[in-house]
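Participant: Sharing the feature lines straight out of Swiss-Prot:
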- 120-334: region 'TRIAD supradomain' (REGION)
- Cys124, Cys127, Cys146, Cys149: Zn(2+) 1 binding site (BINDING)
- Cys141, His143, Cys168, Cys173: Zn(2+) 2 binding site (BINDING)
- Cys215, Cys221, Cys237, Cys239: Zn(2+) 3 binding site (BINDING)
- Cys244, Cys247, His252, Cys257: Zn(2+) 4 binding site (BINDING)
- Cys284, Cys287, Cys302, Cys304: Zn(2+) 5 binding site (BINDING)
- Cys297: active site (ACT_SITE)
- Cys309, Cys312, His320, Cys330: Zn(2+) 6 binding site (BINDING)
Amino acid sequence: MDDNLSGEEEDYYYSSDQESLNGIDNDESVSIPVSSRSNTVKVITKESLLAAQREDLRRVMELLSVKEHHARTLLIHYRWDVEKLFAVLVEKGKDSLFSGAGVTLLENQSCDSSVSGSSSMMSCDICVEDVPGYQLTRMDCGHSFCNNCWTGHFTVKINEGQSKRIICMAHKCNAICDEDVVRALVSKSQPDLAEKFDRFLLESYIEDNKMVKWCPSTPHCGNAIRVEDDELCEVECSCGLQFCFSCSSQAHSPCSCVMWELWRKKCFDESETVNWITVHTKPCPKCHKPVEKNGGCNLVTCLCRQSFCWLCGEATGRDHTWARISGHSCGRFQEDKEKQMERAKRDLKRYMHYHNRYKAHIDSSKLEAKLSNNISKKVSISEKRELQLKDFSWATNGLHRLFRSRRVLSYSYPFAFYMFGDELFKDEMSSEEREIKQNLFEDQQQQLEANVEKLSKFLEEPFDQFADDKVMQIRIQVINLSVAVDTLCENMYECIENDLLGSLQLGIHNITPYRSNGIERASDFYSSQNSKEAVGQSSDCGWTSRLDQALESGKSEDTSCSSGKRARIDESYRNSQTTLLDLNLPAEAIERK
């Protein structure tokens, strides 16, 4: 124990050990609270889905002075991107905005969609029958048809899954039908279909919105997640599931989404099984089934009773001596087969190298998850002892830092497998450049791995049984290592983003930025709305005055909003307490089966 705690023998990767000790007497120096700024990730439940949708509808309705179904049509067309909708309005004008989305507004339009309140007979251009005027319905585009034809048209479109954009029946008319009219006509004959129509419109806020996605939990929790800033992020739903918002897979940074999808398939499909069969077996020349040699003799007999030479794979007779095999002599060296076999062996060995280390850290994470209860017990016992040290938050902070850094370390191996292999970037880097980058990355990875293991070791120490001096030494080591692994994780991400992926021509391999506080937990949408109303801040980000000027002048305006995304409202978190780091275990450790 004393050897492990010797400061002279430990060589931690940190720019200045003394700097990390300056605040030792104050545990706030290592307590890493969740950021006090407004939460940028919201969880939308079934109850708050309608409120979330109405928030965007209200903004468009107020700024454009249009009905709700017109605002919905515009938002669906622009995938519920309010800022993009406003930008098109400023750049191209109101007419272009409406025509592109299929919205038609008639001057002096009556609120009543019926053609006439009288019983005078009028002809329907679809069924070519004369019906009373009150049985004809006119849409915003001015086209009118009988209610039976409209109802049949709406029924077909809803059943075909086109509820979000039901266009007028008139020839070459692309106007979107009024959802109130659709609902009113369909509900008279098929109330269930009307409910289906409303459900499609409601879920459009999630299905068509790139900033909102369903939680991929199984069984489904019923929640959706909305992000305010960048869709390239990792989030945690209120149900506890952590996932990548970009691809809806488990959180996998520093792997890109493409890398993780390839790795996941490689681990679960039969690709490596095929490699093993290629390396360790040979096909029978008669039945073509793979045969594994279980002895030293090169004359092999398949279950189908066919004998063949193990060296070249050619069929032979069954008799042989030490000098020759009956009916066979090996031919010339076949270079292609040998190269193929050697390549398969090399690829299998390389895959097993990265997979074994990835799996080892995943297994370590599962074992370290049990440390949470042990740490709590040791802290509880230590607080009851008469020790000089009264605050043991350093142990909890160190445990959370261990979980976070172990997750990063686990997924760094799949990243390295594809980054320095031939599958993705063979033509992007020369062999010399690949070697330099690989050495740079592996140095970072090795330093992180060494410090993570040291941190894990010190947290497992029974400090609840030690005297004051040893507890203080463990505390210093845990604090130093917590700072060190956080710095190393940040450096690794910077290395990946700038030195590795940043120099490549392909821009599809983006990674989620490193968050020292861990994966962001989604806050409730209702609470954020209440906070917004309490603060009384506008979420229009300056668009209102600019749009008024654009609509009045009718000219395009080259301006930009101070926020490229939805505006955020700062919250004080007055009723919340300062919390510690997120308990970010690898997804395998928290995956619901």
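For all residues, glycine too, the Cβ spot is worked out from N, Cα and C.
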Participant: Radius 10 Å, atoms counted are CB only; among the binding-site residues Cys168, Cys247, Cys287, Cys304, which position scores highest?
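Facilitator: Compared across Cys168, Cys247, Cys287, Cys304, the most Cβ atoms within 10 Å surround Cys168.
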Participant: Could you check the binding-site residues Cys141, Cys237, Cys244, Cys257, Cys284 and say which one's CB has the most other CB atoms within 10 Å?
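Facilitator: Of the binding-site residues Cys141, Cys237, Cys244, Cys257, Cys284, the highest Cβ count within 10 Å belongs to Cys244.
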Participant: Would you identify the secondary structure of His143 (Zn(2+) 2 binding site) according to DSSP, in three states?
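Facilitator: It is coil.
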Participant: Report the same-chain neighbours of Cys146 (Zn(2+) 1 binding site): residues 6+ apart in sequence with Cβ closer than 8 Å to its Cβ, ordered by sequence.
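Facilitator: Those within reach of Cys146 (Zn(2+) 1 binding site), by Cβ under 8 Å and sequence separation of 6 or more, are Cys124, Ile126, Cys127, Glu129, Val131, Gln135, Leu136, Thr137.
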Participant: Should Cys257 (Zn(2+) 4 binding site) be counted as helix, strand, or coil on the basis of DSSP?
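Facilitator: Helix, per DSSP.
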Participant: Suppose we draw a 10 Å sphere around the Cβ of Cys149 (Zn(2+) 1 binding site). How many other Cβ atoms does it contain, all chains included?
Facilitator: 18
Participant: Between the Cα atoms of Cys239 (Zn(2+) 3 binding site) and His143 (Zn(2+) 2 binding site), what distance do you get, rounded to the nearest Å?
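Facilitator: With distance taken Cα to Cα, His143 (Zn(2+) 2 binding site) is 48 Å from Cys239 (Zn(2+) 3 binding site).
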Participant: Using a 10 Å cut-off on CB atoms, tell me which of the binding-site residues Cys124, Cys173, Cys215, Cys221, Cys309 is the least crowded.
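Facilitator: Among the binding-site residues Cys124, Cys173, Cys215, Cys221, Cys309, the lowest count of other Cβ atoms within 10 Å belongs to Cys173.
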Participant: Restricting the comparison to the recorded positions Cys149, Cys221, Cys297, which residue's C-alpha is spatially nearest the C-alpha of Cys247 (Zn(2+) 4 binding site)?
Facilitator: Cys221
Participant: If one looks at the chain holding Cys302 (Zn(2+) 5 binding site), which residues at least 6 apart in sequence have a CB under 8 angstroms from its CB?
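Facilitator: Correct list: Cys284, Lys286, Cys287, Lys289, Val291, Phe308.
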